[in-house]
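Asks: A single structure is presented below for examination.
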Amino acid sequence: MKPVIALIGRPNVGKSTLFNRLTRSRDALVADLPGLTRDRHYGEGRVGERPFLVIDTGGFEPVAKEGIMHEMAKQTKQAVAEADVVIFIVDGRQGLTPHDKTITDFLRKSGRSVMLVVNKAEGMKYTTVTADFYELGMGDPYVISAAHGDGVNDLVEEALNIAFAQRPPEEEAPASNDRSIKLAIVGRPNVGKSTLVNTLLGEERVIAFDLPGTTRDSIEIPFERDGKHYTLIDTAGIRRRGKVFEAIEKFSVVKTLQSISEANVVLLLLDAQQDISEQDAHIAGFILESGRALVVGVNKWDGLTSDRRDEIKMDLERKLSFLSFAKTHFVSALKSSGIGPMMKSVDGAYAAAMSNLSTPKLTRALIEAVEHQQPRRKGSIRPKLRYAHQGGMNPPIVVIHGNALEAIDANYKRFLEKHFRETFSLVGTPLRIELRSGKNPFSRSEK
């Protein structure tokens, strides 16, 4: 399980800047306006070989009673509850404020490990920038500049050390078939995940094992369907009650992200009785960014009028067009309708994600693509695409070598992606294209 780090602090202390540096993204909007980040933002980071999840929160006012600041306080409290370590950020330029003291009181009661971090400390002596903050009684502060990156790596290394040190030893996971497909079923609350889980895990097909006792554990449930082996990855709290498994529907973004990161294939479940929501799109976006193979299931399809079905299909095309590489199935988990074909698509998506693409075939496909459509010139320079090879699986990565490839635009990369998909029947998996300019090591004339 990846450690979870929450970034907490009053408005405008640099939480989003630190989030962007940790995740190497611009996902959270950054500007000098208090309260600009309205909701929790989630991202993946990595220090060396150690991955982690990071939560960026809105500016925290624990005692806010109404309005947007009240909603942001609720979101922040949830982030603290989900975190292994809390990084409490204060502003070294402004010094200690009453607001910082209020947040300290809340964090002290939370029971979480808290690291006090003084940001915006560039050009200032440690003793000068930290002096006021000892009053908070949270030990020696860490000093960083999120904008310039000073001290950030050391901070995260220590946060991860704390997170791992406080975790209990991991119990041995239940035995599963090495060839099984690890499947995560994700979606917002009440779309029917628990019903689908029970349909897939019919008691006669479940391999018996002891469930971990805490919802923070990752649960792996091996099962077999139509002769195929799967392992259901669940961190949302599946519990045995009597003779059935019951999935708790309480939605947790962190647990959803953990499930996605541990899976081979993700089944995104939507509710046909409701329009596609912003939350649906956010989950879909993270699946895409994670590079996981994907199947979309639209549940509660039975009983809908033809007009409503048309509306849902249009909604899918409009709001989730970036998932066009994945197959969509219209199902009823309650009546077990359409489940078989959907699971066949799970198998197909996994096979596509694990495709072994030979260098000669990739290079041939690349040459065919260039013959069909050459990249545009950039000024006097036209990119030369020479050969391609596979750079990884799950998702497949196609590495293209040539000259002046930095001049290739996003439209041409999409054209190449589409061509490789069609050539190698890559349905249900993201496909990454990497461009590398330089000499062809296989060319005798360039040795």
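Glycine is no exception: its Cβ is also placed from the backbone N, Cα and C atoms.
Per Swiss-Prot, the features are:
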BINDING   9-16, 56-60, 119-122  GTP 1 binding site
BINDING   187-194, 234-238, 299-302  GTP 2 binding site
DOMAIN    3-167  domain 'EngA-type G 1'
DOMAIN    181-354  domain 'EngA-type G 2'
DOMAIN    355-439  domain 'KH-like'
Asks: Could you pull the average pLDDT for the domain 'KH-like' (355-439)?
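Replies: Averaged over the domain 'KH-like' (355-439), per-residue pLDDT gives 91.
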Asks: Select the closest residue to A121 (GTP 1 binding site) from the following binding-site residues, measuring between CA atoms: G187, N190, K193, W301.
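Replies: Closest recorded candidate to A121 (GTP 1 binding site) by Cα: G187.
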Asks: Using DSSP, how many residues in the domain 'KH-like' (355-439) fall into helix, strand and coil?
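Replies: Helix (H, G, I), strand (E, B), coil: 32 helix, 24 strand, 29 coil.
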Asks: Ten-angstrom check, please: count other Cβ atoms within 10 Å of the Cβ of N12 (GTP 1 binding site), all chains counted.
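Replies: Taking every protein chain into account, the count is 17.
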